[in-house]
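**Student:** Taken from Swiss-Prot, the feature domain 'RNase H type-1' covers 1-141. Taken from Swiss-Prot, the feature Mg(2+) 2 binding site applies to D9, D133, supported by sequence analysis. The feature Mg(2+) 1 binding site is assigned by Swiss-Prot to D9, E47, D69, with sequence analysis given as support.
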Amino acid sequence: MKSIEVHTDGSCLGNPGPGGWAALLRYNGREKELAGGEAVSTNNRMELMAAIMALETLTEPCQIVLHTDSQYVRQGITEWMPGWVRRNWKTAGCDPVKNRELWERLHAATQRHRIDWRWVKGHNGDPDNERVDVLARNQAIAQRGGLATS
């Protein structure tokens, strides 16, 4: 089973507003960047999309260490998801889970992999987190119709 390191981030200019997501996949000394965006989104949706797209890109089962600066994503997948599934996608307070379609897609994308979900503090000097932050922000800027920066 291949060991893959993944770094993800999402960005939104306003919440909701133009959004971008990015992922960096690293395997055996090689890197692949993924990025995309939506004209109207939220930061949480973009964080979810970054993880989803990274996992869906992998064509075979992998051992993954996935770094995210989103507690929403990390806690959602590692702590809250079992209860949501048990309660038919309702929160502990019986409300519908927000972004359900993305959570279901993420849940499906995790099934063939072994994933260690790691939280990294955003905007704190981690070079890989900073890299995906710039990529995601540039996608959000492009969705707004602006010029991206490096």
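Cβ from N, Cα, C; glycine included.
Owing to the predicted nature of the structure, the values given are computational and were not obtained by experimental measurement.
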**Student:** Can you work out the mean pLDDT of the predicted model over the domain 'RNase H type-1' (1-141)?
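**Tutor:** Mean model confidence (pLDDT) across the domain 'RNase H type-1' (1-141) is 97.
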**Student:** Can you list the residues of the same chain, besides D9, E47, D69, whose Cβ falls within 8 Å of the Mg(2+) 1 site's Cβ centroid?
**Tutor:** T8, G10, S11, M46, A50, T68, S70, V73, G122, N129, V132, D133, A136
**Student:** Do me a favour and check the Cα-Cα span between D69 (Mg(2+) 1 binding site) and D9 (Mg(2+) 2 binding site); whole Å is fine.
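**Tutor:** Cα to Cα, D69 (Mg(2+) 1 binding site) and D9 (Mg(2+) 2 binding site) are separated by 7 Å.
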**Student:** Between the Cα atoms of E47 (Mg(2+) 1 binding site) and D9 (Mg(2+) 2 binding site), find the distance and write it as a whole number of Å.
**Tutor:** 5
**Student:** So, three-state DSSP: helix, strand or coil for D69 (Mg(2+) 1 binding site)?
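**Tutor:** Where D69 (Mg(2+) 1 binding site) sits, the three-state DSSP reduction gives coil.
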**Student:** Looking at the binding-site residues E47, D69, D133, which sits with the largest number of other Cβ atoms within 10 Å of its Cβ?
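**Tutor:** Going through E47, D69, D133 one by one, the largest Cβ count within 10 Å is at E47.
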**Student:** I'd like the Cβ neighbour count for D9 (Mg(2+) 2 binding site), meaning other Cβ atoms within 10 Å of its Cβ, all protein chains included.
**Tutor:** 31
**Student:** Could you tell me which three-state DSSP class D9 (Mg(2+) 2 binding site) falls into?
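**Tutor:** Strand, per DSSP.
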